[in-house]
Amino acid sequence: MSAGPGCEPCTKRPRWGAAGTSAPTASDSRSFPGRQKRVLDPKDAPVQFRVPPSSSACVSGRAGPHRGSVTSFVFKQKPITTWMDTKGPKTAESESKENNNTRTDPMMSSVQKDNFYPHKVEKLGNVPQLNLDKSPTEKSTPYLNQQQTAGVCKWHSAGERAEQLSASEPSAVTQAPKQLSNANIDQSPPTDGHSDTDHEEDRDNQQFLTPVKLANAKQTVGDGQARSNCKCSASCQCGQDCAGCQREEADVIPESPLSDVGAEDIGTGSKNDNKLTGQESGLGDSPPFEKESEPESPMDVDNSKTSCQDSEADEEASPVFDEQDDQDDRSSQTANKLSSRQAREVDGDLRKRYLTKGSEIRLHFQFEGGSNAGTSDLNAKPSGNSSSLNVDGRSSKQHGKRDSKITDHFVRIPKSEDKRKEQCEVRHQRAERKIPKYVPPNLPPDKKWLGTPIEEMRKMPRCGVRLPLLRPSASHTVTVRVDLLRAGEVPKPFPTHYKDLWDNKHVKMPCSEQNLYPVEDENGERTAGSRWELIQTALLNKFTRPQNLKDAILKYNVAYSKKWDFTALVDFWDKVLEEAEAQHLYQSILPDMVKIALCLPNICTQPIPLLKQKMNHSVTMSQEQIASLLANAFFCTFPRRNAKMKSEYSSYPDINFNRLFEGRSSRKPEKLKTLFCYFRRVTEKKPTGLVTFTRQSLEDFPEWERCDKPLTRLHVTYEGTIEGNGRGMLQVDFANRFVGGGVTGAGLVQEEIRFLINPELIVSRLFTEVLDHNECLIITGTEQYSEYTGYAETYRWARSHEDGSEKDDWQRCCTEIVAIDALHFRRYLDQFVPEKVRRELNKAYCGFLRPGVPPENLSAVATGNWGCGAFGGDARLKALIQLLAAAAAERDVVYFTFGDSELMRDIYSMHTFLTERKLNVGKVYRLLLRYYREECRDCSSPGPDTKLYPFIYHAAESSAETSDQPGQRTGT
């Protein structure tokens, strides 16, 4: 359970517009990687126009005089390993790629079908947004509106015109990638929060694409503002019909302008903060979770949003954005209805004027993409000379001075073309029927838990079956006299006298006669002596200084006298403890620890079997026996457990505490306090219970695609802890495959903390081989001896704890802990590979399954963000995997998000969605496979554009919609 070497503290990047920080200019290409301006040939752009930034019609936050205020340009932060949350790294390159991916789809539907510029214009410089009612250029620049409408009105009088129009309609999407291949497209999210610099760059691109000089560009700023409203309403009537149609075609999904860590910054100094709902601004409210550990235990507890992609998942899964999407769709549909009626009125006016003049009007207008790119549906490429756009500045001035109606410039449209146009529009609208997006229900923001009340969840011992009599068997080793087992009495060891086995199937004990040590006799000859006798001699000396303890340990570990470091132990003794505490340590606690350690052959009389891979075996021993074994581990007496590499016990965790004594980490004194609290308690009063260690190895797993079991009940909360609020439940240890992780080293995250406050767990490291993919370790009966505060670097021993857990018929505390190790993903996308998903499902299923036990006798699973944090797991995927595994094992789930309220709501919404639609385990698993195929397999960026939960919502709704139609397959 280690955060690993990659978890280093990260600093915030300066935000533009913050105090003392100025936004880079639009011309600074270094500030916008991959976004350099494209300047066309000067002859293609003889005249440039700028929209005055002080225009009152401009929308605040996009452009205008607020250059000094906080902009909405929010950069992704580096991972911050803090108390509540973990973010993953995100490079500038990946951010650029991701923005490109998210912007390409809506932009493609906005690109014109025609090549409006014959003057060698190969690329479209800047594609405007589709949100017509919020475009700042539309509100502030009347001449843009006039030019836009003129572009809409370009029609050819020939009868073949309608055929070209209908034939060219599909090209709206197919031609877009070619036009956008090298276009200077704004890569920031399409929200109300464009920065001033970004908007200036947009306007510059529009101006370079304008090869004519318009007459009304010479108007004053005041005139432009006064006329903008009336001009805009008149010019947008014809354009909105096609614009609304194309908006449905594009299926635009607006992304959030906010990052998880920037919600507070955006809210200050911006005029758009009234648009933020509580859920948007609350994405980064909960303080982040700090994750630190050593390489042995990179397992960590995540928030969630463990990574940059999570935070992105939060943005995608937020119901606020979906509501905005629906509002945009409704507004576009309304625009379609209005503009259709207005278009018919315009056509009638056109015919009257055409008959009066008696001659064909041929006008060529310059289309400018500054306000409404959606009008491209009305513009098909004309043939012959009519495609040339030879409009000079003089003709533009004349049109501007006459101030004529825009409908004066329409060419007569034949009636046959009118009918064809209407039929085409009807067909287009029918084909565009969309499946409505699922919007998760709004949940009360003040709720601390959601789902089934925790009081209704099954707990031990009330839900359990009556245990059979405790008896040893071929699959169960019992090291005490079961016939003398009494409540409140210290169990008697079995057999009565010590039995030694020195082989590769049992623990090699320090007190074994085979534990020999080279010594020199009186004649100087080297002979083999008993190492146990040397241990007894060394430890029976009095310890008044830490140096005495160091010398005693090295006396029987001579080979490591120059390798082992005791700095942490010396500093703890000399610098951390008060004089009275140090005196109590060497006068009382250490002598008692020596006594119980040297009683090992009288307490642990039976050889302890090694729990090797592929074994299904249990070991039940007394708490007193465990205390004696741990005292020997503290004094580093276990033989053959210090060598590394390909040694005999290289596939087993460390058991001797020598690594706990090294270094100057601030974690070590708190670890030593916690362990000395345990040793003081068990030496002052002998414990009377039993503890069972079970290695479970499964060969048969569900066929996940065909598993028809429904999801079980869920209680999810962002408050509390697994050990504190999951009493009587199956409590998940987010384990390292070497159980205990870095508990005897520098690790101090979820697993290590649990092993410290329940130190009897540490003895499992003595005999449990590294876990395989289909295995878990189940520990029942350990007692909690300490309370703590903090996490990782902030961990502090608080006080001694009296465990009030009930005891079962075997005199075990009703505390069941399962150690399951998750995979370590170095690439975010790897965890969605079907083989990896199946492995994690099998691992969780192995930990949750109890063969032969009825579901009504199984307690709920108390778990959390398993395999997240330093292991790179996505919290939402891991939550769904655990829900599926628990459903297959027929157990309820109590999920702790460790302070992440947004994750709590997301998990609950997903669980509610799946259960209401009666999606069983197999159907959800197939959705996970489909997500990999459609979103992850061919993804070139670090993370997919569509996050998991939004994809499941849409895919499940699409499948339900399709299944309602006869003859259609569901696609899941």
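Cβ coordinates are placed from backbone N, Cα and C, and glycine is handled just like the others.
In this structure, ASP733 (active site) is part of a beta strand by DSSP. Around the Cβ of ASP733 (active site), the number of neighbouring Cβ atoms within 10 Å comes to 30. The annotation active site is assigned in Swiss-Prot to ASP733 (among others).
Per Swiss-Prot, the feature active site maps to GLU751 (among others); the stated evidence is similarity to another entry. In the shown protein chains, 28 other C-beta atoms lie within 10 A of the C-beta of GLU751 (active site). DSSP assigns GLU751 (active site) to a helix in the three-state reduction.
Feature annotation from Swiss-Prot assigns active site to GLU752 (among others).
The annotation compositional bias 'Polar residues' is assigned in Swiss-Prot to 69-84 (among others).
Per Swiss-Prot, compositional bias 'Polar residues' is recorded for 101-113 (among others).
The feature compositional bias 'Polar residues' is assigned by Swiss-Prot to 128-150 (among others).
If you look up Swiss-Prot, you'll see 165-190 (among others) marked as compositional bias 'Polar residues'.
Residues or ranges marked as compositional bias 'Polar residues' in Swiss-Prot: 226-238 (among others).
Annotated compositional bias 'Polar residues' per Swiss-Prot: 269-280 (among others), in sequence order.
Summarising the annotation, Swiss-Prot assigns compositional bias 'Acidic residues' to 311-328.
Taken from Swiss-Prot, the feature compositional bias 'Polar residues' covers 332-341 (among others).
The compositional bias 'Polar residues' feature in Swiss-Prot is assigned to 373-390 (among others).
What Swiss-Prot records for SER69 (among others) is phosphoserine, and it gives similarity to another entry as the kind of evidence.
Annotated phosphoserine per Swiss-Prot: SER135 (among others), in sequence order, evidence recorded as similarity to another entry.
Positions annotated as phosphothreonine by Swiss-Prot, on the basis of similarity to another entry: THR137 (among others).
Swiss-Prot lists SER195 (among others) with the feature phosphoserine, giving similarity to another entry as the kind of evidence.
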Cα of GLU752 (active site) to Cα of ASP733 (active site): how many Å, rounded? 9
Tell me the Cα distance separating GLU751 (active site) from ASP733 (active site), rounded to the nearest angstrom. 6
Looking only at Cβ atoms, how many others are within 10 Å of the one on GLU752 (active site)? 30
